[in-house]
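The structure appears right after this line, and notes come after that.
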Amino acid sequence: MKLPVLEVCQIILCADIYTVFSAQGKELSKELHNRYFSQDHRLETRGRLFLATCKCICRRYWRGIYCQERICKPWQRGCTSKTQCVNKLKFCDRVKDCYDGSDEDNCSCTSKVCDHGGRLDKVTCTCSCTSDWTGEHCRTPSPSADCGMRQVDKSRIIGGHTADIEHYPWQVQLRYQSARSTWYFVCGGTLISPQHVVTAAHCVVDKLPTRWRVYLGRKKRQKGGEKIRDVTKVFVHEQYDVLKDTNDIALMVLNIPVSFTGRIQMACLPWQPVQQFSSDSACFISGWGSIAYGGILPYNLQAAQVVLIPQSQCADIIDLTDSMICASESLNLLGQVDACQGDSGGPLSCAAVDTQGYLRWYVVGITSYGFGCGTPGLPGVYTKVSEFTVWLEEKMNS
């Protein structure tokens with residue numbers, strides 16, 4: 001069998017006006033054709049000769065004087081040879097999909113990460129972010145993003161008193177189904193996406209995911225709330241140490257995404273180095289935990305303003321790791337304000353102005369443990385969320 005060769009006006013040879021495909025549909029170059037010649041193959045004409053003008057009229061997806069250049073679809077990128085298109089996601093994946101191997105050339109940024117659903121162009125080494133995020137790594141909320149925004153005009157300084165859920169709309173309540181089928185209150189949590197809640201690992205470890213229930217937009221501990229969601233999956237950090245309280249973080253996946261309202265909103269994640277927080281930051285803890293050590297649980301949501309304690313100061317008091325952060329009522333550690341039993345897993349949320357000038361709230365910490373409740377000289381210890389943002393993003397996208 002001979003391959004078609006067209007004489008164009010006895011001067012131009014359009015010998016390239018065809019494409020060879022293997023039986024599996026893989027496009028072959030002319031140079032590789034002989035290797036597959038004994039196998040099943042088919043020909044697709046790239047164009048036809050128009051004798052009146054002595055020009056090649058190209059078929060769909062081909063262009064050029066000899067129809068020698070492939071037109072790529074929006075989700076494809078052309079190889080250097082210009083005769084082949086490859087899925088953009090296959091560029092710089094360490095597998096040569098272009099016959100000339102050009103899809104693996106100039107791949108110098110394979111370690112760069114684009115977060116929040118952003119796509120990495122490994123040729124230009126830039127992130128293509130979704131509409132809600134911006135920045136080099138898609139870690140800065142755009143003005144249209146919903147995270148960390150409250151539908152209240154101004155915040156109140158609350159020193160351990162009843163709080164409105166509208167001020168902490170990312171605060172959720174976690175309940176677990178007992179053997180008697182009653183749902184009892186266990187911990188707090190923080191909504192960080194329409195379908196994900198972050199909490200403390202010690203709240204959920206060794207418990208069945210399907211027996212959890214999440215209450216959102218709820219002010220009263222025992223009743224009310226706008227939405228209730230079941231849990232389909234729980235991720236506990238692989239290096240969580242129950243004895244040392246390290247890596248005390250877990251992620252819950254809700255069965256149905258929630259819609260945002262004035263009482264339900266997600267907090268932003270504190271991507272470093274985009275957001276840095278210090279003892280000067282406006283930070284609050286919230287939850288339905290006991291008002292005093294060993295005391296009863298409150299009827300309504302409680303909140304209090306706290307101060308972040310510098311790592312060096314806290315490390316002099318307790319065995320602190322880089323994945324922990326401390327907070328108290330002041331740098332003097334008088335012990336007047338603290339989280340207590342029942343507050344575990346809830347948010348330590350701090351406010352910051354983003355690069356667009358919007359005030360947003362970030363879940364800086366997760367209530368982990370303490371020494372009593374409000375013990376003078378001993379701050380509360382929280383999981384430092386900024387150390388786990390990559391882990392959270394990985395689990396949220398899995």
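Backbone N, Cα and C define each Cβ position, glycine as well.
For CYS107, the cysteine that TrEMBL lists as its disulphide partner among CYS92, CYS125, CYS127 is CYS92. Scoring each of the disulfide-bonded residues (CYS92, CYS107) by how many neighbouring Cβ atoms lie within 10 Å, the top position goes to CYS92.
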